[in-house]
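Peer 1: So TrEMBL has the following annotated:
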{"type": "COMPBIAS", "residues": "493-512", "note": "compositional bias 'Acidic residues'"}
{"type": "DOMAIN", "residues": "48-133", "note": "domain 'Ig-like'"}
{"type": "DOMAIN", "residues": "152-244", "note": "domain 'Ig-like'"}
{"type": "DOMAIN", "residues": "252-338", "note": "domain 'Ig-like'"}
{"type": "DOMAIN", "residues": "340-433", "note": "domain 'Ig-like'"}
{"type": "REGION", "residues": "493-520", "note": "region 'Disordered'"}
{"type": "REGION", "residues": "540-566", "note": "region 'Disordered'"}
{"type": "SIGNAL", "residues": "1-23", "note": "signal peptide"}
{"type": "TRANSMEM", "residues": "440-465", "note": "transmembrane segment"}
Amino acid sequence: MAAGIQPRVLVCLGALLARWVAAGGNFPGRLMEGKISHPHALGLGGRPGCKDLRRGLEAAVIGEVHENITLPCGDISGPRGLVTWYRNDSEPVFLLSSNSSLPPAEPRFSLANASSLHIEALSLQDEGNYTCREVLNETQWFQVWLQVASGPYQLEVNISTTGSLPNGTLYAAQGSQVDFSCRSNSRPSPMVEWWFQAPHSRNEPFGNNLTVSCFTLLLMSRNLQGNYTCSAMNMLSGRHRKVTTELLVYYPPPSAPQCWAEMSPGLFKLQLTCRWDGGYPDPDFLWTEEPGGVVVGSSKLGVEMLNQSQLSDGKKFKCVGSHVVGPESGASCVVQIRSPSLLSEPMKTCFIGGNVTLTCKVSGAYPSAKILWLRNLTQPEEVIQPNSHYLITQNGQRSTLTIRNCSQDLDEGYYVCRAENPVGVREVDIWLSVKEPLNIGGIVGTIVSLLLLGLAIISGLMLYYSPVFCWKVGNTFRGQDMNDVMVLVDSEEEEVEEEEDAAGVEEEDANEREELPKEIHKHGHIHRVTALVNGDVDRMGNGLQALQDDSSEQQSDIVQEQDRPV
């Protein structure tokens, strides 16, 4: 079989050589733009008797743009024959031949190992089918499929965020919608994967093996803050590219800001402090003086120091906090400063050897006032320091000074309570008098004596101005059962007429005075007798009636004796 083939090959080669010689050594075909105008001149089909003697198996070679590639001409070791390379497009295109008299179609084409086609600086246009024709003892054809891969180059990641920081870091507002896309200049199209790495955690595939170039997060949350990595792989070349983008999730503080004023430590200045916690990142603060909006200062810390010259009672200061994700108008709070007011007792008394407590209360001070106790005996005033003799306590804005074992020489005098804050200073004086201990027994005796004296005076006045009251009081005491009788006798002799007149007057006043008169005629004289028997009014009435009857009889006897003749 081999002997039958060899003469036919020689015939074809002879025909080619004859044409080449007849043309004066020139190739019978004309190379135009890398193509052979007469492909039959090389016996590529069409000439009778010149058929494909052997066709090799197809091979696939993958190259990358801008790189070099070598296409093998079969899998043959040992001496090689005349090798010619063609590009198979719509028609064969000559590229290179081992015949040194045939120049390559392009300088970047060359032979390697006397048979392989070496291509420098591949381009996408180099992709296609290549044919190697080798003529040794026989003609053999080998086909190679060249695939050219490109990229992925210029991997571009787009994240539709709220904004970016000066250093390029992207941020999105919590609750916003964020679109992700990843594109690259690659051929063929790469496989795209997204990876996510939260802070202080490992890198993990985003979603369930997400292999799409675009996706959307509808509701951004804090736990989605981290690094987003787009990974693109060229499945033809295996080349891998990735781009990592840091995405921050910002959110404003959930509550309103808080601001306050206080005395600066160690300095007699006013410190304004503003806090607006709970957001990310920290907000910015602006302090202004109200009304008027005069800027006092701005900072990230929200702390400003003011001198006393900038302060006055009742002045207001406003803190405005602003956050990168809103609200646009920010949030604010206001503080109003006040000078202190003092309340205390103006005078206190202490007994020698005892204890006394002086109290001072501050009201209306903002910021809180510092309270000091001073002794106003010498100039300048001396601040009292706590010791075994002086005990100072403070609860909020209420301070007490307790003086133990009071001494008149040492402790009596003025004490000063001073309240001071950066807005103003107030002082109040308290007089402390130290006295001898009181004699409780003597005081009680004096009080009892005064009461008794007053009672005696009142009783005397009542007896003097109201005898009826005295008589009724006497009857009350005489209401007891007594058998003694008190008799009052008038020893003066009076005329009968006078006594009768007097008896009549006394009978008219008997109801008021409760006195019962009685006349007694003895030895020619008339005597007035008043009797009270056991304090019993009824019995006294009966006795009075008997006396009246007896008097009538005596008077009758006297008249009869006068009418009797001598």
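Cβ atoms here come from the backbone N, Cα and C positions, even for glycine.
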Peer 1: Which bits of the chain, at least 6 residues beyond where the transmembrane segment (440-465) starts or stops, bring a Cβ under 8 A of a Cβ in it?
Peer 2: none
Peer 1: In the domain 'Ig-like' (152-244), how many residues does DSSP put in helix, strand and coil?
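Peer 2: Residue counts for the domain 'Ig-like' (152-244) by secondary structure: 3 helix, 50 strand, 40 coil.
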Peer 1: Tell me the residue counts in helix, strand and coil for the domain 'Ig-like' (48-133), as DSSP assigns them.
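Peer 2: Final tally across the stretch: 3 helix, 37 strand, 46 coil.
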Peer 1: Over the span of the domain 'Ig-like' (340-433), count residues by DSSP class, listing helix, strand and coil in order.
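Peer 2: Going by DSSP assignments, the domain 'Ig-like' (340-433) contains 4 helix, 57 strand, 33 coil.
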Peer 1: Where does the mean pLDDT land for the domain 'Ig-like' (252-338)?
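Peer 2: A mean pLDDT of 91 is what the model gives the domain 'Ig-like' (252-338).
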Peer 1: Could you tell me how many residues in the domain 'Ig-like' (252-338) are helical, how many are strand and how many are coil under DSSP?
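Peer 2: The breakdown for the domain 'Ig-like' (252-338) reads 3 helix, 44 strand, 40 coil.
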